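For reference, Swiss-Prot has these:
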| type | residues | note |
| --- | --- | --- |
| DOMAIN | 104-301 | domain 'ATP-grasp' |
| BINDING | 130-183 | ATP binding site |
| BINDING | Asp251, Glu268 | Mg(2+) 1 binding site |
| BINDING | Glu268, Asn270 | Mg(2+) 2 binding site |
Amino acid sequence: MSIRRVVVLYGGISEERAVSLISGQQVVAALREAGYEVTPIEVGADLRDTIAALTPAPDVVFNALHGRFGEDGAIQGVLDWLNIPYTHSGVRASAIAMDKAAARTAFLAAGLPVAEGRLVTVEELAEQDPLPRPFVIKPANEGSAVGVHILHEGDNRRTEIARSWSFGGQALVEEYIPGRELTVGVLNDRALTVTDIRPRSAFYDYESKYAEGGSRHILPAQMHPDAFKRALDVALAAHHALGCRGATRSDFRYDDTRAEPGRLVLLEVNTQPGLTPTSLLPEQAALMGMDFVSLCRWMVEQATCRA
């Protein structure tokens, strides 16, 4: 199949809309530089408008959406129904990866290292600590560190967090893993490298991820070689455990305060890695010899094998 016409979907209706707008603009420019005929479609709340904009059908849809509707299997199902090839993972992998509790179950079944944790109701959270402190509270279905809180000893925000919770009736709570934030990009069957993320603040939050100068990225990460290889292996195994396709990015905590090689814990798999100027996957691809235009072209070419 000769690919000429590519639609880039960006924007969306999630908490991560602003990130998606930046990703989409970067992708549109890169694909035009690569020689494709590119049509950007800013996705809003009315699905009928999006479907109408996809008529006539393009050769490929580049999905640059993040969060709800963009990476939870919803838009993937629409594109499958329209029989249009699209980038990144399909319905099932996207839905499971976005549901952090379901992803945990899949990781455990595959024998991958995860933090101790469980789903709790907001009422349970309001009443008492669900785990020994310190622990992390996170939405079950959000990305980009949206809604994430860390509670240490002496922190009295738990009841306030529960009362103001706006991410459904449940939250995922997990033990807090001290140490370093790591990430590994995967392109199909290839784990790229390990990035050590050094946020300017104490926590790798939304601002640290996307603000200019919010974090420092060290790649390849300087760490015990056994742990480095383990991170690559686990990222690839997690990609396959969820049935992902194309590009993903696996996030880890690495507790190097323990005896070597330290404790590596898988946090999540991102099926729609960010493609902003400060994003991690493009940096890793560049280190491996693939510039941003080539990365976007690769993603489009990977979409040709399915519809």
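Cβ coordinates are placed from backbone N, Cα and C, and glycine is handled just like the others.
Note that the structure is predicted; figures quoted are calculated from it, not measured.
Here the CA atom of Asp251 (Mg(2+) 1 binding site) lies 24 Å from the CA atom of Pro130 (ATP binding site). Checked against Glu268 (Mg(2+) 1 binding site), the binding-site residues Ile137, Leu151, Trp165 differ in C-alpha distance, with Ile137 being the nearest. Cβ contacts within 10 Å of Gly179 (ATP binding site), excluding its own Cβ and spanning all protein chains shown: 16. If you check the binding-site residues Ile137, Arg158, Trp165, Asn270 against Asp251 (Mg(2+) 1 binding site), the ones with a Cα inside 10 Å of its Cα are Asn270. Cα spacing between Trp165 (ATP binding site) and Asn270 (Mg(2+) 2 binding site): 23 Å, rounded to the nearest whole number. Under the three-state DSSP scheme, Gly179 (ATP binding site) falls in the coil class. DSSP assigns Asp251 (Mg(2+) 1 binding site) to a strand. Within the model, the domain 'ATP-grasp' (104-301) carries an average pLDDT of 92. Every protein chain considered, the tally of other Cβ atoms within 10 Å of the Cβ of Ile137 (ATP binding site) stands at 23. DSSP gives Ile137 (ATP binding site) a strand state. According to its DSSP assignment, Leu172 (ATP binding site) is in a strand.
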